[in-house]
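Student: Structure in structure tokens, see below.
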Amino acid sequence: MSETKWTKEQYAAITQKDCNLLVAAAAGAGKTAVLVERIIRKITDKENPVDIDSLLVVTFTNAAATEMRERIGAAISDTIEKNQGSKNISRQLILLNKASITTIHSFCLEVIRSNFQSIEIDPGFKILDETEATLLKSETLSDLFEEIYEDAEENEDFFELLESYGGNRDDLKIQDMVMSIYSFVQSYPWPEKWLEQQIESYNFEVGNDFGETTWGRILLETSLMRLEGLRDIMNEACAKIKNAQGLEKYLSVFIEDNDNLEKLIGICKTGMNWDQLYNYVNSFEFRNLPRCGKDAEKSVQESVKKIRDELKSVINGLRDEVFFMESDEIASDLKTMYPILKCVSRLVMDFGRRYAHKKSQRASVDFNDLEHFCLNILAETDKDGNIRPTKIAQNYKDKFTEILVDEYQDSNLVQEIIINMISKKDIGSPNVFMVGDVKQSIYRFRQAKPELFLEKYNNYSIDEDSSYRKILLFKNFRSRKDVVDGINYIFKQIMSQKVGELDYNEIEELNPGAGFSPCQNEETVVGGAIELHLIETSVGDNTVLSEGSEPMDEQDFPEEDEILDNIQKEARMVANRIIELFQADKDGKKYAVYDKKLGEYRNVRFSDIVILLRTTRNWTEVFSAELANADIPVFADTGSGFFKTPEVQVVLSLLQIIDNPYQDIPLLAVLRSPIVNFSTADLTDVRLMNRNASIFEALKETAVHDTQVSKKASDFLQKLEKWRDMSLYMSTHELIWQLYNETGYFSIVGAMQDGERKQANLKILFERALQYENTSYSGLFNFISFIDKLKTNKGDMGSAKVLGENDNVVRLMSIHKSKGLEFPVVFLCGCGKKFNMQDMYKSILLHQELGFGPDFVDYKKRIKYPSIPKQAIAQKIRIETLSEEMRILYVAMTRAREKLIITGSVNNIEKSALKWLGTAQSNDNKFPPHNMLKAQNYLDWICPSVMRHKDSVILRNAAGLGVDYSGPTISDDSSWTIILADQSDIAVAKRFETDTQDREDITKWLQEKGSADSGDSHEIHRRLDWKYTYRDFAQIPSKISVTELKRYFHLNNDEDNSQLQYKTATIKKPAFLEGKKGLSPAEKGTAMHFVMQHLDFHNEDIAGQVKIMVKKELLTEIQAKSIDIMKISAFINSVIGKRMLKSVKVYREVPFNIELPYKEIYPQLPDVSDYEDKILLQGVVDCYFEEEDHIVLIDYKTDYIPYGDKQSVKEKYRLQISYYSRALEMLTLKRVKERYIYLFSTGEIVEM
């Protein structure tokens, strides 16, 4: 037996017999260990041992099945060592090879292969891979639609469908609709039966109460939830009015509104019929608020008005979206949609039958067939419609003494019926062991039904003598108490039966069970509070400087071409925090983690860190780039991006023009690539040869003329003709390999930066072509079409990886991929990203219980609106989607063993904090469901919860000065560190000192190898200690701007030994996005400088001049609106402005470049006599003018600076103005006599 010390609950789960047993095992509760131990005890039971092959163990993935088999094998081997001579146990190791430890699909495959004759399938059938299945479906659908068009007279309803839901130019929307519905219904035991039942629900008769339908009940339920959510805030409003001065006249109106609200809530609860509710909602009236006296408290007045506006918004929403029709009107709409939906259903069924026939002709099955064929073998329906096991199922009942299902929360209805058919439940001997955690059910998009788990969880007994028992495992053996406490703190507030589908309470919460020994090393720090990092991605005009803070300079923000994308900003913040984990803190301590293999604490490594993202699309590329720029090694298994890699695009373009050279874009891509290597001048010559022809025709004309590019064009055309001939007799994969060799492109990309990965991508493309031609399809044109379909149908795959996830790298992965894994340090990032609700806006929604939800369309009258069923399904999908998102958040947070760091970005921290504050002020310990349903991202759940924490003063204060927090303050065991950052905090990217960790690791290795030869050891140390003479100088840039130089010295004044850093690749904001969130201070400053550069100061019509700039498209409308004409006028009329107007020569926006000795910028570097390199200093002087024989310099500042704070301005810009003066004197050979800074924000002139 194992020597593990099991908890009471674990022991019960291991030893309980003769029942259906549901084990609800929370994250880190050791469910796999319990499952393995249960199996081992069953096969080694002294009184009633069973053979391992008499157990059916069902896992969720193949990897899990392999791991389970290995762990059981290891456990059996250990048991053999302790029980020498036991033939039975030794026999189990032999039987293990044929034991049914498998995924449900693998089990189904075994059932089909063993019983193929019962469903009349070819015994030699093969399973279609995704490639061939996609092609076969496409072919089937094309054939189906072609036949429909040929027999148009018999398919009038199809053309009604096409007019109503098709596109303007083609039928692709209808094809997509058929495919999506077909895929959706495959998770049902009998898809055609489900379709027929759901379509018939539209055959709704006039005179019936719509409130009695499933759709009506859902709408009443969700409406009640929205209305009850208004109760607390309306009561709060009445209380505020009573206690406020001058608002007495409001009270009667608010009381009346509140009474009407309560009546409406009561009607919803009592189940009044639909039409009565319709009448009441549409008769709900709001009186105008009376005028209040001048003594009214304005802040309270605005607050209660907002609450009343919210009430109005909800009532109006119910009128417009729910109760906008009476039952008979709804019945009329449903009757209108009935024939069209029946047509959709028929199309789906026809497609399914034709697709099945094509598969049968090829002796093939696809992945979905495995479950359905298995179900047909094991289940049958009697004359009363009851499902019962077949004789074959009875054989499996006899074979398996117990069925053990892992990750039960992710089962679907088909799988549930299959398990029931082979279990002994129906003969009074329940024998199914199910283990899982409904809080980790995150696969609804695969039609998983957590309701199956919940139904048993709510109905099974905790009584140990019950035939249907549940056992709860909530002790977490994975995470530190700091992590567990934080998870419990959040989810006890946000997760409920209505949002989350489970009430997270004292019974459900995690109990710390991980035994982390104290760290004895005083130079390290372990564990620690959960960190919440929020970065504000844009700063508006209302930025308030905290006391003692420095005024912002527009040059402290990135220039227009340095504006960081929001994802990039968060990624840089994360990169900086990762670097900090490797550096000593303010107390000189480094972060350490416990190494299970070593049995001791050690410094953190990159491989200890994971970055979890809700979605990897777009995010992983940006995060990978930022981490790489910081010299942090990273591995990201993105699962997409392969077709976007330049090397793959070039080869695909080459294949496209071999198939059809009359395609300009792919032809240009090939010509410009290293395969042909045309320059832009060459391409210009080709285009000018014949501007009206295709590029291919122009290229042919170029080849016959005597020009510089003719020879290159002729050579390429000869090769292209040869390749086109080869494509007629060569297979596609052979052609691709021939092209690699003949063009040398494979070798060329290998010589490029990151060449190993590029070559790996080209090998993948070759293998993809080979895989494609192993199907029944072939030909270059078909392969290109197939690739195009993969791109459009989200069939992209990940780019090749040359770094492995087992290397010492930071891993980037989706939360879904992290399920079942654990990591010492977890960064949960992108928490400010909006939830994806796109599925709610399709023309037809689908739901497992509610069926179809289409738009109502009358194309003849050009009327379209969401039908009532669609509104019901949309409401239900929203609740289920947010419930799943909440469970995904739980999965993410429970991956952390020792440290959890949560990050997110917000556009405006003050506005976001005010929104969170409104939620946090609820008096209930658990937030009301309607508040949780308002969430747009994870921060909308996390931040209101954290706001209530005793340690969250920073987050509460972020709502702004004068905002009172009246909600509860929770004294919880959890500990939180909150960091609010803005763009200035990440303006300078940190870089990881790569040699630091390497040296420490090698030194430690040498110490462990104490017996090594002393001479060798001395030589190794000598080599490690050697430093390149000019190592410090290798980091010096060849050029630097004055702005960067100013920032560098500013940082050096704040932190000792700071090094000058540079922003890495940044992302411009496209012009069309300027107006969406307003201009940043940096953008406004740029616009102001542009205007100041081009204004005619002698022309008093400044506004007119700005309008002309807009007309000439020198400025956008948004930029023009940001220009403060009065401030420019104030400058012109100031003392320095008038002097400038009198000057004969005025110069504006003057660029300069001057060389400086390196010691002047890097005084901390050593003096090296033979090192004479200089640095190029660049900058732009705003304005200077000449007076007699000298120069007067003016620099504008457009950013906010407090009035009268001239001294800090002088200190901050002294260095910058000094370099400007020096540059002007070198350029003009005249003395800069006076230097001024003009502050647009206050109109002050600061003499430097």
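Even glycines carry a Cβ here, placed using N, Cα and C.
Computed from a predicted structure; not experimentally measured.
Quick paste of what Swiss-Prot says about this protein:
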DOMAIN    4-480  domain 'UvrD-like helicase ATP-binding'
BINDING   ALA25, ALA26, ALA27, GLY28, ALA29, GLY30, LYS31, THR32  ATP binding site
DOMAIN    523-820  domain 'UvrD-like helicase C-terminal'
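Surface or core, plus neighbours and distances: that's what I need for these features.
Tutor: Note on the domain 'UvrD-like helicase ATP-binding' (4-480): its mean pLDDT in the predicted model is 92.
Under a cutoff of 8 A between CB atoms, and with a sequence separation of 6+ in the same chain, the neighbours of THR32 (ATP binding site) are GLU67, MET68, ARG71, ASP406.
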Student: Taking 8 Å from the centroid of the Cβ atoms of ALA25, ALA26, ALA27, GLY28, ALA29, GLY30, LYS31, THR32 as the cut-off, which other residues in that chain fall inside it around the ATP site?
Tutor: VAL34, ASP437, LEU473, ASN476, PHE477, ARG478
Student: Around GLY30 (ATP binding site), how many other CB atoms lie within 10 A of its CB?
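Tutor: GLY30 (ATP binding site) is surrounded by 22 other Cβ atoms within 10 Å.
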Student: Validating a neighbour-count step here. Other CB atoms within 10 A of the CB of ALA27 (ATP binding site): how many?
Tutor: 23
Student: Starting from the Cβ of ALA25 (ATP binding site), draw a 10 Å sphere and report how many other Cβ atoms land inside it.
Tutor: 26
Student: DSSP secondary structure for THR32 (ATP binding site), reduced to helix/strand/coil, please.
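Tutor: Reduced to three states, the DSSP call for THR32 (ATP binding site) is helix.
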